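Listed in Swiss-Prot:
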TRANSMEM  23-40  transmembrane segment
TRANSMEM  56-76  transmembrane segment
TRANSMEM  129-149  transmembrane segment
TRANSMEM  164-184  transmembrane segment
MOD_RES   Thr236  FMN phosphoryl threonine
TRANSMEM  268-288  transmembrane segment
TRANSMEM  297-317  transmembrane segment
TRANSMEM  322-342  transmembrane segment
TRANSMEM  358-378  transmembrane segment
TRANSMEM  381-401  transmembrane segment
Amino acid sequence: MGLKKFLEDIEHHFEPGGKHEKWFALYEAAATLFYTPGLVTKKSSHVRDSVDLKRIMIMVWFAVFPAMFWGMYNAGGQAIAALNHMYAGDQLAQIIAGNWHYWLTEMLGGTISADASWGSKMLLGATYFLPIYATVFLVGGFWEVLFCMVRKHEVNEGFFVTSILFALIVPPTLPLWQAALGITFGVVVAKEIFGGTGRNFLNPALAGRAFLFFAYPAQISGDVVWTAADGFSGATALSQWAQGGNSALVNTVTGAPITWLDAFIGNIPGSIGEVSTLALLIGAAMIVYMRIASWRIIAGVMIGMIVVSTLFNVIGSDTNAMFSMPWHWHLVLGGFAFGMFFMATDPVSASFTNKGKWWYGILIGAMCVMIRVVNPAYPEGMMLAILFANLFAPLFDHLVVEKNIKRRQARYGK
């Protein structure tokens, strides 16, 4: 008996009146994970499209894979380089034996030595990322299913995207219990309390990260959380620039200068999904081509960032090195590219109108640079900029609609 036939045979037990009626949401989630729902349109009007919500979410899920795989490779490579820089011989062996990520990597055929292969680096990075992703997926999925059972509606595939986005924007060293707590806040407080998918006004993944940032700042910011090496501390590129400008950008392990190309490719420490602008561009091209993400929002973010960063460059400052950061460095450092492509373009929390999307994107780009430059306590600004713009998105749409109504009334003399 095939899986599809099995699911069809037991479906009646989960339908209204069946003995497992209350578990319909769980059954439906499992069934639609593998197969397209068998629902058809029987009454007019018929609106047909080859891409439904499930396929949209799955395509976004696939679009972050380039950044995810590169991020795992980079996290493993950064950790191995740092470990071999600090330890050697028996001391390194003791460190490996005392950390389950390290010894699991070696048990699976990898190595932590300085000449580790790309496979070993990928494997070590996976031992950090995959447990976080699995924790986020299971805990967040539990809350999704629970609310669907209580409300008696289907499980939405949107959580596939929320879970992987959240896992990609946290440090690789984040404790698993904090990952569970963060996604709980994002799903329950930022989404389900307001009615679930389609009714939330904040991006759930960013809301969960913001909760962790303010509740547990030591585990999600600072200098010790970005490189997965025991005892290693190294400032991020944004923090280095804030301290001494472009000349202060150095690899914290080798001491070599960090070039723009290093940052663009992703050879720097950071969150798994945020380090490689190149990998993010590949994924962004997919979702823009399929019209899942709005090019207007992306262009607006770039315009806002370029204008404000150039303005700060012109003003200049003798005491704040961030004033000198040009727009092309803002693009490749921190979470700017990830936020612009995959967070700002969230179709639920972003503006709906075309003109509103432009203003929404411009606000994000401008606010991100302003937070980075003016706020000395917080070198990164994309997360707060997007959440701030989420609050204004309905206002932008309202103003656009009101202006359109007035223009049409004036046109027809009403």
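Each Cβ is built from the backbone N, Cα and C atoms, and glycine gets one as well.
When Cβ-Cβ distances below 8 Å are used as the criterion, the transmembrane segment (358-378) is approached by residues 238, 242, 296-309, 312, 320, 322-323, 325, 330, 334, 336, 339-340, 344, 350-351, 384-386, 388-389, 392-393, 396 of the same chain, each at least six residues removed from its ends. Taking Cβ-Cβ distances under 8 Å and a sequence gap of 6 or more within the same chain, the neighbours of Thr236 (FMN phosphoryl threonine) are Asp223, Trp226, Ile268, Pro269, Gly270, Gly334, Pro379. Counting Cβ pairs under 8 Å to the transmembrane segment (56-76), the top-ranked stretch among 129-149, 164-184, 268-288, 322-342, 381-401 is 268-288.
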